[in-house]
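Asks: Dumping what TrEMBL says about this protein:
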type: MOD_RES; residues: A:LYS35; note: N6-(pyridoxal phosphate)lysine
type: ACT_SITE; residues: A:LYS35; note: active site, proton acceptor
type: BINDING; residues: A:ARG133, A:MET310; note: substrate binding site
type: DOMAIN; residues: A:241-365; note: domain 'Alanine racemase C-terminal'
type: ACT_SITE; residues: A:TYR262; note: active site, proton acceptor
2 protein chains.
Amino acid sequence: MPRPIRAVVDPAAISANIIKIKQLLKGVAVMPVVKANAYGHGLGRVFPGFQNADALAILEIEGAAMLRASGWTKPIVLLEGCFDDADLNRAIELQCDWVVHNIDQLHDLEKLASKPLGYKPRIYLKLNTGMNRLGFQPTDGAAAIAWLDQFATRNAWSSPVLMTHFANADEAEPRDRRPLAEAQHQQLTQLKPAHWQSSLANSAGILNFPELAGDIVRPGIAIYGASPGPHTAASYGLKPAMTLSSEIIAIQSVKKGERVGYGSRWQATEDGRIGVVACGYADGYPRHAPDGTPVWIEGRIASVAGRVSMDMMTIDLSNIPEAKVGSTVELWGDNVPVDLVADHCGTIGYELLCAIAPRVPFHTVVQP
Amino acid sequence: MPRPIRAVVDPAAISANIIKIKQLLKGVAVMPVVKANAYGHGLGRVFPGFQNADALAILEIEGAAMLRASGWTKPIVLLEGCFDDADLNRAIELQCDWVVHNIDQLHDLEKLASKPLGYKPRIYLKLNTGMNRLGFQPTDGAAAIAWLDQFATRNAWSSPVLMTHFANADEAEPRDRRPLAEAQHQQLTQLKPAHWQSSLANSAGILNFPELAGDIVRPGIAIYGASPGPHTAASYGLKPAMTLSSEIIAIQSVKKGERVGYGSRWQATEDGRIGVVACGYADGYPRHAPDGTPVWIEGRIASVAGRVSMDMMTIDLSNIPEAKVGSTVELWGDNVPVDLVADHCGTIGYELLCAIAPRVPFHTVVQP
C-alpha cells in the first residue's frame, strides 16, 4: 500500500546554511561534512545545495566517486583516511585529499613518493587533543609533523593541514565547553608550522567559538539546519533541510481512563480522540519518544500518546477537532524542529536524521 | 574505504525458530511477520528461511510482490489492509489476503462483490480490544462481523478470521500482562462465529500465553531470534538470525583521569587502552548506548567507554591485552544478544535490528 509517510529535502536550505556560516566566519574556508549519505538526506538529492562550499569532507569512498561523477571539482577530504593500498589508489584516482591519524597511515605515504599523481594532494594530520578517539598524541605530534612537512615539500604536494576535533563544544554550560576547547586550540597552535593551515571546528565550534575555528571549518549538522547545541537552530539562523511527514490513517475514540498502545503507557484523563499516524520506529522515528513529544497537525502542536510501535504511532487529538483521517502530520521540519523531538527522546537531531529507514520515500524540493 | 562493519544474516536460524514455535503450538498455523524488510534482515536475503511457515504477514505491497516473484504460493496477509482502489486491485492481482480494521475498508469490499478473482480471499477483521490503535470497537464489532460473514458466504470467499493484538504480553510482571490478555481473548471469543478462525498472538503472546494464541499466530521478533520479553531469547530456545560486527581501527593509550569522546563522558580510573571501533550511530548502533554496554572481542566481553559518535565508538580494552587494530568486534549476535544491548539502551531488540543503515554491507550465510 502507498503508506503516506515521506521525507522532503530542500537543497536551497543547505545552500542558505552554508552562506550563513560564510557570513559568520569571513575568510575561512567552509568544508561541509557529507558523510553518512549527507546525514541521511541523500547525497545525490542535496548535492546542488553545496555549490558554494569550498571543499567537501566525507568518509565513504563511493560517495567521493559520486561527487566527482556529479561534476564536483573542488577538494574532497576523506575524513578517516585510507586503510589500505586499494583505498590509497582510489583516493588518488579521484584526486582526493585525506586525513592521516596514525603512524601507519603516515608511512604509507612513502609509497607515493616521486610518483606522478596529476594533482597535489593535501594531507590533514590529525592530532588527538583530548577526544581520545583518532589522532596522534601531541607528544608524538611534533615528529609526525616534521616528517610530513619534509615529505610534502620534497614531493611538491600541497602544504598540509593540522587538524583536531572539539570534544565538548556543544555543552550547555560555558564553563563546561570553553576551557577544553581553548586548551585544544592552544595545543594545536603550538605545534602548527607557520606555512600549514589549521582545521578545528565542527558545527558546535563554528557557532559557539568562531574565534577558535582555524582556517578550514568542517560544519556537519548545521549545514542540514539542525543545531549542534546548546541553542536552537533558529537562534543560530539555520534553516531545516528535511521535513518528515505522514498522515492520520485511523482515529479511535477513547473514554476517560482508557489506555493506548503497548504497555498501556498512555491513559486518557478525559474522553477524547486518538489519531493513528502511519509512522513507526521501523521508519526511523524513535521508539523511545515519550508521551508529550510534539508533532504538528492542522496548524497546531499535538503530542505523542502511547508507545511508538513499529509502523504506527498514536497522538492525542482531543484538542484538535478538525483533525481527520488523511490529515497531514509533520513529525519534524519547519514547525517541529528535529532537535526538539530529539530533546524529548534524549538524543540529538543528528541521530534522527541519519536513521530514516530505506522504506521511507524521499522527495526533493525543486528550485524555480 | 572498505569500512570493516558488516551484518551477517542466517536463514537457517529463522527456519529453526519457526520450527521451535511449531513445536510449542502444535496444530496452530504459523504466519511470520516479514514487514519492514523482514525486521531489517532483508526480505530477499532471508526468504529461504521461511519455507516451513504456513503464511506470511506483511505491510508493504512491494514486499508482497517480491514474495510472489520469489515463488511463495502460500497465503500473504496485508497487515494494515488496503487504503485505496489501486491497493485493492494490486492485492487481488497478487492473491493476497488482508486485514480490515475500519468501516470504510469493510464497505470497500462491496466493490469486489460477484467479481471473478481467481482465488478466495480471506479477510482478517481486526478488533480493538484495548490497544486503541487499529480495529473495530467491540461495540461495533458484532455488526461488522455479521456484515462480513454474509459478504464472504454470498461471494464464496474463504471464511474470515477474527483478529486482535495483545497490548501488554511482554510485561515483566505476570500481574501486568496476564489479566489484559485474558480480557482481550475473552472479548474476541465472545464475538467470533464458530466457523471463523481466530488470530491473537504476536511473539510475546506465543511465548508467554500459548494457550491464548488462537488458530493463526503472527510471530515477528521471535522469528529473528530476539526476545519479545520478558525473558531472554536463549531461554525461549530462539537462535539469533543477525550478527553485527566490525573491527578495531585505532587504539589510544589513556592515562588515569583522562577522558574519552564527546562530552568527555568516560573517564579512565587507571592507565589503560581505548579501542576505536568502526561503527557509529550512522550505522544504526544506538547513540545513547551508555558506558558499560557490552561488545565481544577476542573471546571476551568489553564495554562501551564514551559516547557513541556518528561513525565510530570507543571501548575499554584495559583488560583485553590481545586486542589489536584489526580485531573483530561483535556488536550483537551469538555472543552479545541484541536484547542485552537494547536493554542497556532503554529499548528493545526490534528497534536495533530495524535500524541498521543502508551503508552497512550485508552478507548471508549460505547453507551447505
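Backbone N, Cα and C atoms are what each Cβ position is placed from, and that goes for glycine too.
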Asks: I need the CA-to-CA distance for A:MET310 (substrate binding site) versus A:LYS35 (N6-(pyridoxal phosphate)lysine), whole Å please.
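Replies: About 27 Å separate the Cα atoms of these two residues.
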Asks: Report the same-chain neighbours of A:LYS35 (N6-(pyridoxal phosphate)lysine): residues 6+ apart in sequence with Cβ closer than 8 Å to its Cβ, ordered by sequence.
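Replies: A:LYS35 (N6-(pyridoxal phosphate)lysine) has long-range Cβ partners A:ALA57, A:ILE58, A:LEU59, A:GLU60, A:GLY63, A:LEU79, A:GLY220.
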Asks: Roughly how many Å separate the Cα of A:TYR262 (active site, proton acceptor) from that of A:ARG133 (substrate binding site), to the nearest whole number?
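Replies: Counting only the Cα atoms, the answer is 39 Å.
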Asks: Just jot down the residues in the same chain as A:ARG133 (substrate binding site), at least 6 apart in sequence, with C-beta under 8 A of its C-beta; none if empty.
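Replies: Within the chain, A:ARG133 (substrate binding site) has Cβ neighbours under 8 Å at A:HIS165.
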Asks: Going by DSSP assignments with H, G and I as helix and E and B as strand, what are the residue counts for the domain 'Alanine racemase C-terminal' (A:241-365)?
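Replies: Its residues fall into 19 helix, 44 strand, 62 coil.
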Asks: For A:ARG133 (substrate binding site), which of the three DSSP-derived states applies: helix, strand, or coil?
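Replies: Where A:ARG133 (substrate binding site) sits, the three-state DSSP reduction gives coil.
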Asks: Around A:TYR262 (active site, proton acceptor), how many other CB atoms lie within 10 A of its CB?
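Replies: Taking all protein chains shown, A:TYR262 (active site, proton acceptor) has 23 Cβ neighbours within 10 Å.
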Asks: Near the Cβ of A:MET310 (substrate binding site), how many other Cβ atoms are there if near means within 10 Å?
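Replies: Result for A:MET310 (substrate binding site): 21 other Cβ atoms within 10 Å.
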Asks: Report the mean pLDDT of the predicted model across the domain 'Alanine racemase C-terminal' (A:241-365), rounded to a whole number.
Replies: 93
